[in-house]
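Annotated in TrEMBL:
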type	residues	note
DOMAIN	28-149	domain 'Alpha glucuronidase N-terminal'
DOMAIN	153-472	domain 'Glycosyl hydrolase family 67 catalytic'
ACT_SITE	GLU310	active site, proton donor
ACT_SITE	ASP384	active site, proton acceptor
ACT_SITE	GLU412	active site, proton acceptor
DOMAIN	473-698	domain 'Glycosyl hydrolase family 67 C-terminal'
Amino acid sequence: MTNSVRSLLIFLCVFFSLKSYSDNGYDLWLKYQKIENKALLNTYKNTLNSISFTGNTATLNAAKEEIVRGLSGLLNHEYTISKAVASTNALIIATKEHIDSQFTEQLKNDFTQLKKNGFIIKSITKKNRKYTIITSNDELGVLYGVFNFLRLIQTHKSINDLHIVDAPTIDIRLLNHWDNLDRTVERGYAGESIWNWHKLPDFIDQRYIDYARANASIGINGTVLTNVNSNALILTPQYMEKVTALANVFRPYGIKVYLTARFSAPIEIGGLSTADPLHKEVQQWWNDKAKEIYSQIPDFGGFLVKANSEGQPGPQNYGRNHVDGAKMLATAVAPYGGIVMWRAFVYSEHDTDDRAKQAYTEFVPFDGQFPDNVIIQVKNGAIDFQPREPFHPMFGAMPKTNVMMEFQITQEYLGFSTHLVFLPKLYQEVLSSDTYVKGKGTTVANVIDGSLHTKKITAMAGVANIGSDFNWTGHPFAQANWYGFGRLAWNPHLSAKEIADEWLRSTFSNKDEFVEPMTDLLINSRETVVNYMTPLGLHHIMDTNHHYGPGPWVSNLSRPEWNPVYYHKADSLGIGFNRSTDGSNAVSQYSKELKTIYNNLESCPEELLLWFHHVPWNYKLKNGDTLWNNMALTYQKGVNEVAQMEATWKMMEPYVDNQRFQEVNMLLKIQLKEANWWKNACMLYFQQYANLPFPNGMEKPTKSLKYYQSLKFPFAPGIRPQWD
Ligand code: BDP
């Protein structure tokens, strides 16, 4: 054997042995690992002797490829696909019109219930022969059915007696990428943008296809490719060619492409002297632009617009309002079935009113005036994606307007990509909040899914946490937030626990010794981050611009409502923002039942106390201890919980591949360090006002407040580019 052959063999051995022990996370929750449990494997194999598949369109081919890929991985068995239905134990996949007529009767009732893009998965026995059928009225429903079926097997569910009829509850389920054309990602912590604009349209990265598969597997059906702080260049022919290439990749997976529309584009790329929405020439420019876009992308979804917010141009630059602006764009895309998502994330440095009230004040009076193809995109809370906020009072307040939810999946305020936080718990808390708009039991989810007030369009968006890192999201567990967002957009009534269970099983292991403790860990992780960052209703006390770490002392920014001191209002008497009727009166934007609950110090939920009230340091909370002591001990609890997470994770080593085990281990250490940083910096700072000792049970900081205040992070990731 020559030396080079020997080296090659050694290399191959090392490579494959490493490969079998490590997992870089690229496959997300679509791992399709061989089922090790022999008995289970045989049960599946027996039920799935053969596959009958009918159809040959792009979407059906995607479904076909996925079922073959999934089953051959999971069952370690090569399937040949044919149209013919084998005599027994066959898996039959086809749209309704191609389902063998012998099954029509047994599917009749299910089909009458089936909604758009929904699917039926049913076990049928006929003359002692067993079949499993995946079908739908439409092709996309078949693809969703296939992914659902594969999930059942990935999570080791029984497939013997299936009867599932499921469909998306919300029409438009989309990711918002805050990706810039130079491939930086605003608030992105997982590498650069996956859109390689430079190489597009000719180079199609495999990632684009896997992105589409991953999204389709959880029911996401739209993607806004570009940042809300937008660049008009994306609408030029040079870039539209690239967008078209992406749209072509995503189409088979039922994913529509949307773009952010910069309001001043007619000036910047159109050569006009104004972008006034009532100006005929401007309207014509947008109509022509829409025509041009739709000639290349016939199923283009539409525009997302951030107007007159944080320096972005908008109709108010011309003395017009949100309705004027939205109408102009809506008119341009309406002939092609497009929509406009108009964001309600507005607040002004010229408005001295509480920032939390401004969006409601500005938008609610326009209820009923927006065209049918406009939907108002509202963040889950009235300030800005904080670890905990009460739900935004606009939910339920605009019965005659389409209103959609915007969640943030990327962890701008929740520890970037180094903290383990399971966000579906946060999403579920918001979605299940009672608005009391039509009496008790009318939740935010009922507003979003259109069941409370009938809506023309329903939608839910999540600001993506995806980047070019191997594992897409930086932290291996941040994948769960992408997954969970998609699942909740499909069905906002799902429980976070169910989602955690599914994700853990598909992504890591089905062993109960792993799934049970890790489900608890995920579910509790959300409260943990609140505990060590912003307990008891505190909010917006992070450091400036990059938003990394604590900065409750910041008070020197040009706009008052950018300063943390504006939000916590700590003084010698107490702490918290008085939003009660004798304060900013933000409570009055909620329905009367909630207003009463929030307005009253005794009935206000303690986890929102400092959001709604300025509370004396010595005020006794329900456990009989003072606010100050509770605050200190809650910070400490958060820190202790992270230490506990670390200990739990250590015990998971037998169930996890080496690479991800080590990665999470290191990340939890960072999280613990940073949880302590939050606790120490905040407690030292607030102590100056409370003038009280740290209670027993709180570990004393070893560094000074000055030290924490001196920390600077000029190159923290995700920083937004210079505001214009
Ligand atoms: C804030 C982010 C900023 C975004 C803004 C938005 O800090 O980068 O541009 O929200 O949603 O959370 O428009």
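Backbone N, Cα and C define each Cβ position, glycine as well.
Overlay of TrEMBL annotations on the structure.
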| residue | record | CB count, 10 Å |
| --- | --- | --- |
| GLU310 | active site, proton donor | 16 |
| ASP384 | active site, proton acceptor | 18 |
| GLU412 | active site, proton acceptor | 24 |
Overall pLDDT for the domain 'Glycosyl hydrolase family 67 catalytic' (153-472), taken as the rounded mean: 98
Between ASP384 (active site, proton acceptor) and GLU412 (active site, proton acceptor): CA-CA distance (Å): 10
Euclidean distance between Cα atoms of the residue listed as 'active site, proton donor' and ASP384 (active site, proton acceptor), Å: 13
